[in-house]
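Chemist: Before I ask anything, let me first share the structure, which is written out below as structure tokens.
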Amino acid sequence: MATGPDLWNGTVNGTSDGDDWGYRCRFHEDFKYVLLPLSYGVVCVLGLSLNAGALYIFLCRLKTWNASTTYMFHLAVSDALYAASLPLLVYYYARGDHWPFSTALCKLVRFLFYTNLYCSILFLTCISVHRCLGVLRPLRSLRWGHARYARRVAAAVWGLVLACQAPALYFITTTAQGGRITCHDTSAPELFSHFVAYSLVMLSVLFAAPFAVILVCYALMARRLLRPAYGTAGGLPRAKRKSVRTIAVVLAVFALCFLPFHVTRTLYYSFRTLDLSCHTLDAINMAYKITRPLASANSCLDPVLYFLAGQRLVRFARDAKPPTDATPTAQACRRLGLRRSHGTDTKRTEDSASSEDSRRTEITPARGEDIRL
């Protein structure tokens, strides 16, 4: 069985894959020059718009932050950065795998693509663990529900992903062939076996382990929520039914967006080290390219999940009074013209002080209370 650099010898008929770098099989993948620019372009526009709106709510409308809102804020940041990394890839694939920019920019774009993808996965995991503790250990979750703990966890997540993705800057490079410059998604032939080993470690640490944690958390929560409460007669309360539906939706979105992408990418990389037929490799390569847009779509679906699953957050964002002018966030929002005028706020406060106090008391979470997603 041939392995290593020998696999890059020889040619067959077909269309060259920009990531293959002289690989012995030439894959038929003209479809990706339409699919990837179109899908990445849509994700870029929607992802930036939706996550920018979410960030505005977090920064300019919410007065009280806890662990849940902190994780959601960082999730929105990672999704927005992910969407912002797509325009150059749209241009690259629309030009037929031609990269007219520098090698350093190629490394940076690929690095940002995967860094923010895995940050999104880990922040979804943090939200799931936090919700699980709130359902299974509500008293203990009060201690860990403060924003200061969540900020430490968020910093650890960013540090972990940046450290794990740093080797990608070494592997990824560009090559010039036939007047075309390719920004590779893998590595040079002599480093490919090391790149596959690195990718498998990243798969285990940044996808498989978080996915297993999410499955366990939601299984435990579903079991607790489906348990009939003492003294109730038949059927689940409406709140519990909604929570169970939310669990199913989050799991479905996570599995739809991330699972196919990681499975096909792992098979694609692994099969290239084996002496398989080019037809088999072409099929798995096609599947891998098709699942790329699914992984990207998660940055558009996360903001929708915030508002579909968290009606309290929507009500809080709609009704809460903006922060006072003393806060840096409020000052920034005022400079951008995003806050209501001071005179309007003053008049509204004078005319409805009692009703405003009553409404704020109703919607502001108590200390340690979680905004459930």
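Yeah, the Cβs are placed from backbone N, Cα and C, and that goes for glycine too.
Given the structure is predicted, the values throughout are model-derived calculations rather than measurements.
Take a look at what Swiss-Prot says about it:
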type	residues	note
COMPBIAS	342-373	compositional bias 'Basic and acidic residues'
DISULFID	Cys106-Cys183	disulfide bond
REGION	320-373	region 'Disordered'
TOPO_DOM	1-39	topological domain 'Extracellular'
TOPO_DOM	61-70	topological domain 'Cytoplasmic'
TOPO_DOM	92-108	topological domain 'Extracellular'
TOPO_DOM	130-152	topological domain 'Cytoplasmic'
TOPO_DOM	174-199	topological domain 'Extracellular'
TOPO_DOM	221-243	topological domain 'Cytoplasmic'
TOPO_DOM	265-373	topological domain 'Extracellular'
TRANSMEM	40-60	transmembrane segment
TRANSMEM	71-91	transmembrane segment
TRANSMEM	109-129	transmembrane segment
TRANSMEM	153-173	transmembrane segment
TRANSMEM	200-220	transmembrane segment
TRANSMEM	244-264	transmembrane segment
Chemist: Only counting partners 6 or more residues apart, tell me which same-chain residues put their Cβ under 8 Å from the Cβ of Cys106 (disulfide bond).
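Modeler: Counting only residues 6 or more apart in sequence, the Cβ neighbours of Cys106 (disulfide bond) under 8 Å are Trp99, Ile172, Thr173, Thr174, Cys183, His184.
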Chemist: What three-state class does DSSP give Cys183 (disulfide bond)?
Modeler: strand
Chemist: Within the topological domain 'Extracellular' (92-108), count helix residues (DSSP H, G, I), strand residues (E, B) and coil residues, in that order.
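Modeler: Counting residues by DSSP class gives 9 helix, 0 strand, 8 coil.
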Chemist: DSSP helix, strand and coil counts for the topological domain 'Cytoplasmic' (130-152)?
Modeler: 20 helix, 1 strand, 2 coil
Chemist: Residues of the same chain, at least six outside the topological domain 'Extracellular' (92-108), with any C-beta under 8 angstroms of its C-beta?
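Modeler: Contacts of the topological domain 'Extracellular' (92-108) (Cβ under 8 Å, skipping residues fewer than 6 from its ends): 17-18, 32-33, 36-37, 40, 168-169, 172-174, 180-184.
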Chemist: Which sequence positions outside the transmembrane segment (153-173), separated from its termini by at least 6 residues, show Cβ-Cβ distances below 8 Å to it?
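Modeler: Non-local partners: 70-71, 74, 103, 106-107, 110-111, 114-115, 118-119, 122-123, 126, 183-188, 191, 194-195, 198, 202, 205-206.
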